[in-house]
Amino acid sequence: MLPYTVNFKVSARTLTGALNAHNKAAVDWGWQGLIAYGCHSLVVVIDSNTAQTLQVLEKHKADIVKVRWARENYHHNIGSPYCLRLASADVTGKIIVWDVAAGVAQCEIQEHVKPIQDVQWLWNQDASRDLLLAIHPPNYIVLWNADTGTKLWKKSYADNILSFSFDPFDPSHLTLLTSEGIVFISDFSPSKPPSGPGKKVYISSPHSSPAHNKLAAATGAKKALNKVKILITQEKPSADFVALNDCLQLAYLPSKRNHMLLLYPREILILDLEVNQTVGVIAIERTGVPFLQVIPCSQRDGLFCLHENGCITLRVRRSYNSICTTSNDEPDLDPVQELTYDLRSQCDAIRVTKTVRPFSMVCCPVNENAAALIVSDGRVMIWELKSAVCSRNARNSSGVSPLYSPVSFCGIPGGVLQNKLPDLSLDNMIGQSAIAGEEHPKGSILQEVHLKFLLTGLLSGLPSPQFAIRMCPPLTTKNIKTYQPLLAVGTSNGSVLVYHLTSGLLHKELSVHSCEVKGIEWTSLTSFLSFAASTPNNMGLVRNELQLVDLPTGRSTAFRGDRGNDESPIEMIKVSHLKQYLAVVFKDKPLELWDIRTCTLLREMSKSFPAITALEWSPSHNLKSLRKKQLATREAMARQTVVSDAELGAVESSVISLLQEAESKAELSQNISAREHFVFTDNDGQVYHLTVEGNSVKDSARIPPDGSMGSITCIAWKGDTLVLGDMDGNLNFWDLKARVSRGIPTHRSWVRKIRFAPGKGNQKLIAMYNDGAEVWDTKEVQMVSSLRSGRNVTFRILDVDWCTSDKVILASDDGCIRVLEMSMKSTCFRMDEQELVEPVWCPYLLVPRAALALKAFLLHQPWNGRYSLDISHIDYPENEEIKTLLQEQLHALSNDIKKLLLDPDFSLLQRCLLVSRLYGDESELHFWTVAAHYLHSLSQAKSGDTVVTKEGAPKDRLSNPLDICYDVLCENTYFQKFQLERVNLQEVKRSTYDHTRKCTDQLLLLGQTDRAVQLLLETSADNQHYYCDSLKACLVTTVTSSGPSQSTIKLVATNMIANGKLAEGVQLLCLIDKAADACRYLQTYGEWNRAAWLAKVRLNSEECADVLKRWVDHLCSPQVNQKSKALLVLLSLGCFVSVAETLHSMRYFDRAALFVEACLKYGAFEVSEDTEKLIAAIYADYARSLKSLGFRQGAVRFASKAGAAGRDLLNELGSTKEELTES
């Protein structure tokens, strides 16, 4: 049998409570899987899976307004490890960048003293992963190096900046939301500030007038047009228009390029920035609850919306191909009429009051299948999306188009029997919305699903102050087997919260009183007394509540029975050292003494009894001598059984009978009534000493008042030391043995409480004042540490106690309870020292070498020919402690994830994708998503299952294409269809001539000449562009392929381009099918993204590949340095050998080796001498990197695969192995 152990280790920690209004937007969910939020001046870090507090960061001196986790969009290795970095900003303009795992500030940044409006890490991390952009009020944006705290540049703007948003598709695009409108910046760069003032636009809406209310009945396109009354203009709105200044939020849509949303309380506007117009409005019905916040998804075109009642809703864009027209109306000829987001799921609302309201929402950036709600009272509610297959009856009951589960899982289409985890991420839950007008492929098995929110995590904060705190009796050798470090916290609403201080979790919440708890005293390790008093009536009388609570059962008993109504309020309760007796002190009523064991009143003092200002029980008693007497009695009784009756004298017999009676009584009550004594002081400072034994109370001695002391407010007694505190801040130390006293003026005003630390011989004492606290050594009569509210300490102390012999507990008015070292310095702790109830999966907590070795262990299954998650079987000669930590991480994985990792049918590509999700590795997730898609496409084409179209994309992939959030990386055919759908919507929504002209330009580039001509002919005769548009319409319809006309148009186009009219020249070249030339011109003039777009929509696969390869060279150039983007473009082109070469040249050895293995499996490499050399070099370099991680077994595997290139390393590894086995 294992020895019974009790965990009583208590770490320094902070229990947090309700939030401050400034903390409203201070929350972020990192790629690392952790949620950070601001609570007053603290930053709290919790695990999203288990809802456990992992860290509380304390260094800010003011309220936190923003927190942001660093992005993980870079290649991780020993030099750039997995680490927990977080930036937090406060109302005084200070930004702190933290190493969260160690709990230390890496750097502090200060520019101005006004609240930081917004702060974000740059998402493109190829050049540097340390760049942080901040808004310093009123109108500055500053780029910082967050590693060193260096200011790189600063730029001011004309208007006050409220927030900003980076374009997730282009790192050079940044948009500012200002008090006046929106500013678009298109030349953002880490190396220098933006050049000009940016392009400023205003959002406005017409005034409602009778003319607007009497719109003619409209159908089709006009009907949709009338719904959009929002204009985006570069001029300030005129008097006829209302500027929409109440914009709550601005954000780019990560699901499709050049789209942005603007959030207003009652509507969400979707803008298409290509034509600068509103293409969709999500409005709330009149009775609906207004929006507070919206988070757009990237994996699917969906929106997480937070409403004012705390309800989170998920809206997903409707797919139109599955809607059948059932009405008698004529069906619309144009399939796309409206950009509609259907409500797909919503969670329960919270009860909103004056003090309890939703603050903010964050969404899991890795999987986009969970949202966390931060409530003002300190609660964190984690809602997870779950998918369920619809039953036939439930289908289409709501009237919205159905959602289907995707064909593939982790990037690869799987069979019906393959293990899947549909709730892994949003894109594994629901398939893509098909492009409008496109039917689902015949014969494909589509399962209709519906989504629901499930509350999977709840973290509750402390209620708002006031607090009365009391630590349970201390650990001793006698209670070591049952001891738990419990802290009782009395609250203002009458409940008592009991916290387990090893884990910091709420152990029990007990509703004990009907009003504020004034004090708590423990009567044993499992029971306590608490008291409260109602508001005084006109006579100053109250209803006193004194309850005895049994913790295991939660049962609460009125300790004083029916007493308590209409009497003077209880001032304090004091439990004797042996927990036998209770002294109850009232404000204007004599003292009561009670027996705790029997709940009986021993004595109510007479009315002449002096008023008590302070009282304390003595630690000395006569229990030991009583026990000795009891033992002697037992021995005498034992002797009595041996001696004959005749030999007994009459006197001895009567003594024995009395002792037997006493013994039986003691056994009945299971307790001996020992003599205990206490001291108290009156208003004059006189000290009284009383003795209590059984039901007798005796007055022992009186000590006259000390002239140097004011009115005594508190007493503490331990061993031979008695300490008194007074109203004037004096502490008087009495040495009872030496009969000397020493008065110390602390100059700290009223001494509110003094308490000795637990532990034999520990003479430390904590004293609490109005403005702070001090720890004293009463042996030396010296102050050990001090804490004073003020500039450096932002909180005021409400109550104090000792947690252990060397740690104190402070309850403060910021709603927090801090467990601190005796120095009382607020310090963060190392996260790996935390005692957690549930294991937490977070490889970021491991040392860098171990985190990377664990990743290799998961990726390269099976080991020793079998799939295993037991690392002890692996030849990994690190110290046992690290191996134990790795095994703990593996145990923390969910059973569903373990099942996938141990599945032999789970392919290498799927494993890479899953591990990138588990690690929250943004860079790897994007790489393996695109790699899996195109490698699988290639294998399908090679196997002959599909016909390869001339664009190079197998046809079956068009029914399961790469998500449009990957933009130009998608298959050409799918990309073209998406662009046509988009221009359809733009055409339907156009509301001005300017919009019409932009639509015409797009249609001409897309080759939709007939529709372009229709729009050109719509120009009215009084428009200044009427003549040009008419001629252009004639030109477009009469363009022939004859040599002379082509030559003329080409000459005009090149002249236009040379004279600064690039867009017009490109358009003319597209008219004569010279789109390849147009792309070259665009690239020459630096319009690389536009050239890629045009190549995708107009060129055949070979020409398109040429354009994109030139773009790759540009992206890899030192001045651009976007190699990670270049890798994705090469993957989309099927240039797999080039990808492997580039990965190797970038020293991404782990990714290169895995990619080579996947390519060999899918037959993606043409075998040649060069490729074989490349593969051997990659394997050898990867083996060396595994050796540097200490992962010898992995190093041996890849060194042996590298052939001649790995021979030396293999010999080296072999000799190391022999040395180890010999030792």
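Even glycines carry a Cβ here, placed using N, Cα and C.
Keep in mind that this is a model prediction, so the values were computed, not measured.
According to Swiss-Prot, the features are:
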type	residues	note
REPEAT	111-154	repeat 'WD 2'
MOD_RES	SER205	phosphoserine
MOD_RES	SER209	phosphoserine
REPEAT	354-393	repeat 'WD 3'
MOD_RES	SER401	phosphoserine
MOD_RES	SER405	phosphoserine
REPEAT	746-786	repeat 'WD 7'
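Features as recorded by Swiss-Prot, highlighted on the structure.
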residue: SER205; record: phosphoserine; CB count, 10 Å: 16
residue: SER401; record: phosphoserine; CB count, 10 Å: 20
residue: SER405; record: phosphoserine; CB count, 10 Å: 18
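When pLDDT values are averaged over the repeat 'WD 3' (354-393), the model yields 92. Panel annotation: around the repeat 'WD 2' (111-154), residues 22, 65-66, 68-71, 73-74, 80, 85, 87, 89-93, 95, 97, 160-164, 166, 168, 171, 174, 176, 190, 192-193, 923, 1121-1125 of the same chain, lying at least six beyond its termini, place a Cβ under 8 Å from a Cβ of the stretch.
DSSP assigns SER405 (phosphoserine) to coil, not to a helix or a strand. SER405 (phosphoserine) sits 40 Å from SER205 (phosphoserine), taking the C-alpha atoms as the reference points. The two recorded residues, SER401 (phosphoserine) and SER205 (phosphoserine), show a Cα separation of 31 Å.
Counting residues of the repeat 'WD 7' (746-786) by DSSP class, helix then strand then coil, yields 0 helix, 23 strand, 18 coil.
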